[in-house]
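As annotated in TrEMBL:
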- 1-21: signal peptide (SIGNAL)
- 56: active site (ACT_SITE)
- 103: active site (ACT_SITE)
- 107: active site (ACT_SITE)
Ligand SMILES: *[C@@H]1O[C@H](CO)[C@@H](O)[C@H](O)[C@H]1NC(C)=O
Ligand SMILES: *[C@@H]1O[C@H](CO)[C@@H](O)[C@H](O)[C@H]1NC(C)=O
Ligand SMILES: *[C@@H]1O[C@H](CO)[C@@H](O)[C@H](O)[C@H]1NC(C)=O
């Protein structure tokens, strides 16, 4: 009996302390998601000549559409627009703020439960800051992982990322038979914006989160396979 009572107390204490650290429903992790524009536009209705990884989103690990009455207002991030257009472009509709609006409503309103991100300006500027701080483009390039007609192994890509950042990322591909095309890379940070491992759990339901209202085929991305060559498509040369 005593052992059981002790276990109950310890257990309650544990949940109690974690509950204080992160009130129920609050996120513990943010997923910085970048996608490769050439791959995105090979699946979706778009063309792009961008040859750098662009932001797809900054997603808390829990919660979705946490406050639908908190409307996106582009004038609140007016000073960020040039950077937003460069680093977080809507590849489907480059002149529209729709993508940002979608990401704000679905994920930003949940991220905003943390004081550090509790405004639209804080949320979007933090995403831009993290994108540059954890600079995927340079890390890949510096490890000679460049867009090419030659294939890579997933190990090479993983080693480049893990070797530099020191944490596990989640690397997703578009699968098509004997080849897989590099599509999306997630890096994760904790509430202090320090890098931590991303889980590779299939339960992370937003891993394929391309706005359903904007695109058709959202099931195309999934975690890359170690046994299949990886294609990292270059910008098509113009004819
Ligand atoms: C990419 O496309 C844009 C708009 O179509 C154009 O202004 C720009 O010069 C192009 N850049 C390159 C490197 O081809
Ligand atoms: C939702 O957002 C609105 C607008 O910013 C705000 O007034 C309201 O308090 C928020 N609701 C919750 C539950 O946070
Ligand atoms: C958007 O924000 C601006 C600047 O704060 C404000 O003047 C405007 O009324 C807001 N628009 C809407 C639709 O809430």
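Including glycine, each Cβ sits where the backbone N, Cα and C put it.
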Would you count the other C-beta atoms found within 10 angstroms of the C-beta of residue 56 (active site) for me?
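24, counting other Cβ atoms within 10 Å of residue 56 (active site).
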Cβ distance under 8 Å to residue 103 (active site), same chain, sequence separation 6 or more: which residues?
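Non-local contacts for residue 103 (active site): 57, 58.
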Quick check for the class: what is the C-alpha distance, in angstrom and rounded, between residue 56 (active site) and residue 107 (active site)?
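Distance between the two Cα atoms comes out at 11 Å.
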Please give me the CB contact count at 10 A for residue 107 (active site), counting all chains in the structure.
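Here the count is 26.
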